[in-house]
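These notes concern the structure reproduced below.
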Amino acid sequence: MSASLPLVFDAPRRGMPPRHLADLSADERRAAVTELGEKPFRARQLAHHYFGRLNADVESMTDIPAGSRAKLGADLLPTLLTPVRNLDTDEGTTRKTLWRAHDGTLLESVLMRYPDRATVCISSQAGCGMACPFCATGQGGLQRNLSTAEIVDQVRSAAAMMRDGEVPGGPGRLSNVVFMGMGEPLANYKRVINAVHRICDPAPEGLGLSQRSVTVSTVGLVPAIRRMTAEDLHVTLAVSLHTPDDELRDTLVPVNNRWKVEEVLQAARGYADHTGRRVSIEYALIRDINDQPWRADLLGKLLHKHLGQFVHVNLIPLNPTPGSKWDASPKPVEREFVRRVREAGVPCTVRDTRGQEIAAACGQLAAEE
């Protein structure tokens, strides 16, 4: 059970897309529009269409003169992501979209509609450099970081799908965004933080979602967690822990060789103290690997010690990936694990796994044509 891939923190610089409206702050948009010889208010018009109306087609923006549309479109609304295909499951309420970026890079996002909410799971990198052996994305390696606008455009597209009733249940609203698709969000720190602002700033400066409805996941990049604490955001922090002991985590989550479990939990506590937000602990339960009763007891003890009331455990039955020798724990083992964690005073629930049939569930995104 050795980690064969190296950890990669710095993505290759190749292939980044042209600049886009969603890469820029409101002031930067005005400056960009002025550089093109247009009046500054055109920036707000473009933002109103893109963020407010979820419209990326500049030719349909008839309140902008035809002569300006081509110029503004080419420079500030280039097509970043083209859908290659949609795969649906759960009677159409789970949709995985494979996207092709301008340089041919492939990435995936997943829209999940529930009775009371709609969540999009988005990618922050094409591939991932964290090399976790039970995750298809990690085993594929890292191609490159996504730009702020490539991240935001996944959310805009999902919001438009919901508004237009493309998912069964009629027209609706996108309510939640989780950075749990391809990539380690905090390894693409600046662009992810900028994307959070675009997602949460009120329209027309952004998409207008509440910060409390956004979750940013990490395998435990301690300096980046501390840096995010200082940003004064109120998004939910999710830590992919997967085991409470350093010996096994060094293999399951290779970044643990750099920052140990206790350091990660201390950084998470700092975030919880600063924001008043509960930290979500993600734990993929793997048969005979990390599902032992003593690990449940240790997990509960450590989380109670470091995070107290500011924690919730999401237990994820392992989703199968091609070529993997591991599978999910049996249900009785899972139930006993939950019972033991709760006995330590730590809330623990089993995640409703969506999209397994179309390789859209946690750890399955491989962006293959």
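Using N, Cα and C of the backbone, Cβ positions are placed for all residues, glycine too.
Of the listed candidates (SER157, SER217, SER329), Swiss-Prot assigns SER217 to the same S-adenosyl-L-methionine site as GLY183, GLU184, SER240, LEU241, HIS242, ASN319. Cβ contacts within 10 Å of CYS121 (disulfide bond), excluding its own Cβ and spanning all protein chains shown: 28. Within 10 Å of CYS128 ([4Fe-4S] cluster binding site), judged by CA to CA distance, lie the following recorded positions from the set CYS121, GLY183, GLU184, SER240, LEU241, HIS242: GLY183, GLU184. Within 10 Å of its Cβ, the residue among the binding-site residues CYS128, CYS132, CYS135, LEU241 with the fewest other Cβ atoms is CYS132.
Shown in sequence order, CYS132, ARG249, LEU252, VAL253, GLU282, TYR283, ALA284, ASN290 are the residues of the chain, 6+ apart in sequence, with a C-beta less than 8 angstroms from the C-beta of HIS242 (S-adenosyl-L-methionine binding site).
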